[in-house]
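Chemist: Dropping a structure here in structure tokens format, bear with me for questions.
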Amino acid sequence: MTDIEKEINQLREELDKHNYKYYVLNEPSISDFEFDQKMHRLTDLEKQHPEFADPNSPTQRVGSDLNKDFEQVKHVYPMLSLGNTYSEEEIQDFYKRVAKQLPDEEFEIVCELKYDGTAIGLTYENGLLVRGVTRGDGVQGDDVTANVKTIRSIPLKLKGDYPASFEIRGEIFLPHKGFAHLNEQREKAGETPFANPRNAASGSLKMQNSALVAKRPLDCFLYYMLGEELPSQFHKENLEKASSWGFKIPPYIQLCTSIKDVMDFIHHWDEERHNLPFDIDGIVLKVNSLDQQRRLGFTAKSPRWAISYKFKAEQGYTKLNEVTFQVGRTGAVTPVANLDPVFLAGTTVKRASLHNSDIIASLDLHLGDMVYVEKGGEIIPKIVGVDEEARSAEAAKVEFIKNCPECGSELIRIKGEAAHYCPNAATCPPQVKGRVEHFIARKAMNIDGIGTETIDLLYKNHMINDVADLYTLHPMQLMTLDRMGEKSAQNILDGLEASKQVNFARVLFALGIRYVGETVAKKLASAFKNIDALMKATQEELTEVDEIGDRIASSVIGYFGEEHNQTLIDKLQKAGLQFQLSEEETATHSDKLEGMSFVVSGSFTSFSRDELKSLIEKNGGKNLSGVSSKTSYLVAGDKIGPSKLAKAEKLGVKIISEDDFKSMIE
Ligand SMILES: NC(=O)c1ccc[n+]([C@@H]2O[C@H](COP(=O)([O-])OP(=O)(O)OC[C@H]3O[C@@H](n4cnc5c(N)ncnc54)[C@H](O)[C@@H]3O)[C@@H](O)[C@H]2O)c1
Ligand SMILES: [Zn+2]
């Protein structure tokens, strides 16, 4: 493989991962700017090397928010992304391109704000809201109608002269005030606050319980209408009409007839955006005439008649006072910069994350430095630069600590990793408490009634030293704790009792083995079926499981190799937790595909790719990520990756269709 091909593959993989974190988990780990730069780089490379083109590349597809918990609906009109740029020059290029493609014609550009939330398509029949669907993968989206109906600014019934059938698209978002209130409540309840209003809005829209969605102060601006019988052939007029039927159409729209008007609009809002009661991340330009829009058409991913100009994250300039070190649940030590308060993008910033010692070294940080901070996708902003000229001669270099600030153990660094760890997993207080917090969390054992404060008290009073101790708690013991009444104590005990029914996969996740998240835990549970088999598994057996690489495998082996973990599992087993698949879980399993391995590529009509993969596992087969001589079958869907196809042909791997596959498991 050439270096170029390697870089392309790596970028594709990285971008796929970030899309998933952003759209499905609502937990981005890099800033939009960094994401967009990677996307830009990949687009350039693919342009220069058309031989590596792939219709599945993230440059060719809309980042997908599809979620298994919802029913999927095909869009009548594909729901695409927008081309974006951070450069004013490219906005001028866009304007010139449109002018060139519409020779001797006048055209108007509608400038709008780019609301930072999550896209929604609403279908109305005879004046009634019948469906609300997310963008999904652009072709089909998640049906979130029940949740959409709880948003007050979305009309359920229209008034006036609306067409019999049409779709209107817009952005569901959370205004600042609602966001602040929501996070306040979450923090009080001991839940993790949302990183930003966008994540909060898209997370809220994907909740399973509409009654809870109704409590989130979501709002919705509509920005585009589609249908066979629209009131006007101009985009802006359609929005004005929609407003008269009862839709919330934002007032920040301007018709522009010159590039100067467009630029003025951009400059105005680059300043003014800080006074808005909600987040925007840029400006959208759209050609006003629908006829011209049709003639300009679309690329695979976005319309040629629109573009977005994105604002760069705002930078703050302030003084670094101190660096403190926090120890997390896995023992990872995170350095945190304590700053002079600085106002940045709507909030006062006092702390910034420094991630690890490499970052401190690459910034060459000194105490008292004047630094530049920026907010990315995360709550905690980061230091992006240092003003070296402002440094005093006697300023001391920031040194990473050698010993754990909580227990004094000497820190270690695992080869190939950036983080420092405190190795004292067994008794380092934040690690012990952190593991209990993780264990009881909703997605893990889901034990009600215990919060961070209770864990603190239990630990301080020597009632728990590990998660298994939770199951030995007595009501009388609990009631000796501060502010713990009989009812709350009983509540905790009931929660613990109920957790004994939690399935094996979640128990595995709850153990908090490094790198074993929810998905990995599910894969391990269904591959090994019980804890004994998993504890005996070798590196090789582990990495044979789909999506389990060496890093995860070593972590699992390391975990079960520790004597105190073996004792812990033993205690938890005796307490009655589920350490094997239930009969019901095994009953849905067959061994029809025993000993066979599959690579799945492309898209399918009867199921999503994930569903297909899970069917393979349930029937005893194995999923592989790439085609190799070990692959038994390549299940080929629509738009299959050409490189996978070519490789399968070369190696003589059997290529089967969706229907062939179905008949194998019948
Ligand atoms: N940080 C990360 O890890 C990460 C990962 C994936 C995507 N992203 C960010 O998301 C962007 C891609 O997301 P995208 O494909 O949704 O594109 P986009 O957000 O850049 O633009 C398309 C979206 O803009 C929204 N929009 C808001 N106001 C609008 C208006 N007035 N008219 C039309 N549309 C409007 C719509 O929801 C539409 O779906 C990337 O550029 C990146 O910045 C970040
Ligand atoms: Zn420690």
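FYI, residue positions are counted from 1 along the chain as it appears here.
Here the Cβ of each residue, glycine as well, is placed from N, Cα and C on the backbone.
Keep in mind that TrEMBL annotations are predicted by a computer and have not been checked by a curator.
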Chemist: In TrEMBL, the NAD(+) site includes Asp32, Phe33, Glu34, Phe35, Asp36, Ser81, Leu82, Glu112, Arg135, Glu171, Lys286. Which of Lys17, Lys157, Lys260, Lys310 does it also list there?
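Modeler: That NAD(+) site, as TrEMBL gives it, pairs Asp32, Phe33, Glu34, Phe35, Asp36, Ser81, Leu82, Glu112, Arg135, Glu171, Lys286 with Lys310.
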Chemist: What recorded positions in the list Asp32, Asp36, Leu82, Lys114, Lys286 lie within 10 angstroms of Cys428 (Zn(2+) binding site), counting C-alpha atoms?
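Modeler: Of Asp32, Asp36, Leu82, Lys114, Lys286, within range: none.
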Chemist: Where does Cys422 (Zn(2+) binding site) sit in DSSP terms: helix, strand, or coil?
Modeler: coil
Chemist: Could you state the CA-to-CA distance between Leu82 (NAD(+) binding site) and Cys407 (Zn(2+) binding site) to the nearest Å?
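Modeler: Counting only the Cα atoms, the answer is 51 Å.
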Chemist: Report the recorded positions (Asp32, Asp36, Lys114, Cys404) that meet this criterion: Cβ distance to the nearest atom of ligand 1 under 6 Å. Use sequence order and write none if nothing qualifies.
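Modeler: From Asp32, Asp36, Lys114, Cys404, counting a Cβ under 6 Å from ligand 1 as near, the near ones are Asp32, Asp36, Lys114.
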Chemist: List the binding-site residues Arg135, Lys286, Cys404, Cys422, Cys428 whose Cβ sits under 6 Å from any atom of ligand 2, in sequence order.
Modeler: Cys404, Cys422, Cys428
Chemist: Quick check: of the recorded positions listed here (Asp32, Asp36, Lys114, Arg135, Lys286), which one has the Cα closest to that of Cys404 (Zn(2+) binding site)?
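Modeler: Minimum Cα distance from Cys404 (Zn(2+) binding site) across Asp32, Asp36, Lys114, Arg135, Lys286 lands on Asp32.
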Chemist: Taking only the recorded positions Lys114, Cys407, Cys422, which one has a CA atom nearest to the CA atom of Asp32 (NAD(+) binding site)?
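Modeler: Its closest listed neighbour, by Cα, is Lys114.
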